[in-house]
Amino acid sequence: MPFWTPSTRFDRARPARGVLGFAAALVVIMAVAAIVQFLVGALAPFIAEDLDTTRAELGLLTSVLFTSAAVLSPVAGPLVDRLGAGVMVVTLLVASVATLLLMAAAPAVGWLLVAMVVGGVGIAVMNPVTNLLIAERLPAGRRGVVTGVKQSGVLAGSALAGVGAAPLAAWVGWRSALVILAVVTLLLAAAAVRAVRGRVVPDERAAPSVAPGAVPTVRVGWLSAYALAMGAAASSFGAFLVIYAVESLDFAPSTAGAAFGFGSAVGVVARVWWGRATERRQRVAPALLLLAVLATLGQAAIWAAQLQGALLWIGALLFGCSAMSWNAVGMLAVIRGAPNGRTGRASGIVQAAFYGGFIVAPVLFGAAVDHTDGYDLAWAGTTAMFALAAVIAGVHVVLERRDAVALEHDAP
């Protein structure tokens, strides 16, 4: 039976192939869907020169991509719950490869915008479908590390864009680089589909990550507000770090891409660590608060790199440890706290909020750079959004502690 047919069942029909292969497949799925958002930033100098685009137009590409993802996410979540992983994984992979080919063929910015709309399909589907796979196949106690690993797939795509795509574009041209990436993506996607079809047999004896009943139903509202602020701030890193380093710090494009890739590589490790560290904790708000504080410090270092270029690397390090890693904690909260049968829906809501931050922020960032002929105002706004995320998480930490005290007083 062809693997793309609706009757395919990824979760029951195949023998076990192990958690390692399952996690690797999730990494590929996430990377394939996410890479387009980082390619816009990594290839920005080449696209700007070839198509004569303004900074605001470059920001618009990211905004359109995440507008598409934000609009589709609330729909993608229920579809994942209803249709299952098989159909939606293949949908994600087809949309992602098509996006790369459309970008490579684009004769003008307008065509790139069309490619961004298609790319939004894969980004909208990636977290709901991978979260559902983890929720259905892994017992509590094993989900945290795998969630961190699969979220690192986003940053694997980021590292590939920064370290691989930018030098490749300098060598063969940005259009040819995208075609090569499309072919590689197709091969990786085929391997991922084969791996994810195998069922990981849950170990019913595995200890739950926390005591039964200790994890409350996920509070989608506050988590979505936090995600919105983090998305608005983090979007500028992906879209503008490379061109900022080239224009303001006199970095070579390959060096700027390496700094971008460095932050992404740090984020790969950090997401796994945060997922593991959060697995056995009852509440995620303290971790999210720490992540937002670290992101604020990292963004301040990136801003200050105009005074000392080495600070860009420190900022990229802190950024990878925080802003690029919070999703591992947030998605774990959704996986273990969403009601049965609602994992995809809850993932879609939080994801839509996160992508909502990507809609306006890059355009405003680019417009601020064009209007002021500098990056100070734009980076100030980005730093402020990270600080807002810290405030949101801090308020929730206080509320959680108040609720815990109230429960202790009410206990017999």
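Numbering starts at 1 and runs along the chain as it is shown here.
Cβ atoms here come from the backbone N, Cα and C positions, even for glycine.
Just so you know, TrEMBL annotations never went through curation; they're auto-generated.
From a predicted model like this one, the values you see are computed outputs, not experimental measurements.
Taken from TrEMBL, the feature domain 'Major facilitator superfamily (MFS) profile' applies to 19-405. What TrEMBL records for 20-46, 58-76, 83-105, 111-134, 154-172, 178-196, 225-245, 251-274, 286-305, 311-334, 346-365, 377-399 is transmembrane segment.
Contact check: the transmembrane segment (251-274) against the transmembrane segment (178-196) gives fewer than three Cβ pairs closer than 8 Å, residues 6 or more apart, which falls short of the contact criterion. Confidence in the domain 'Major facilitator superfamily (MFS) profile' (19-405), given as mean pLDDT, stands at 82.
Sequence-remote contacts of a segment are chain residues at least 6 beyond its ends whose Cβ falls under 8 Å from one of its Cβ atoms, and for the transmembrane segment (346-365) they are 37, 56, 58-63, 65-67, 69-71, 73-78, 80, 123-124, 127-128, 131-132, 218, 220, 223-225, 227-236, 239-240, 327, 330-331, 334, 337-339, 378, 381-382, 385. Put simply, of 111-134, 154-172, 178-196, 225-245, 377-399, the stretch with the most CB pairs closer than 8 A to the transmembrane segment (286-305) is 377-399. The transmembrane segment (225-245) makes no contact with the transmembrane segment (178-196): fewer than 3 of their CB pairs lie within 8 A, with pairs spaced 6 or more apart in sequence. Scored on C-beta pairs under 8 angstroms, the neighbour of the transmembrane segment (111-134) with the top count among 58-76, 154-172, 178-196, 311-334 is 58-76. Between the transmembrane segment (154-172) and the transmembrane segment (311-334) there are 3 or more Cβ pairs closer than 8 Å, counting only residues 6 or more apart in sequence, so the two stretches are in contact. Tertiary neighbourhood of the transmembrane segment (377-399): same-chain residues 219, 222, 225-226, 229-230, 232-233, 236-237, 240, 285-286, 288-289, 291-293, 295-296, 299-300, 302-303, 323, 357, 361, 364-366, 368-369, selected by CB-CB distance under 8 Å and a gap of 6+ residues from either end. Counting residues 6+ beyond its ends, the transmembrane segment (178-196) has Cβ neighbours under 8 Å at 3, 10, 17, 21-22, 24-26, 28-29, 31-32, 35, 39, 43, 85, 89-90, 93, 96-97, 100-101, 103-104, 133, 160, 164-165, 168, 172 in the same chain.
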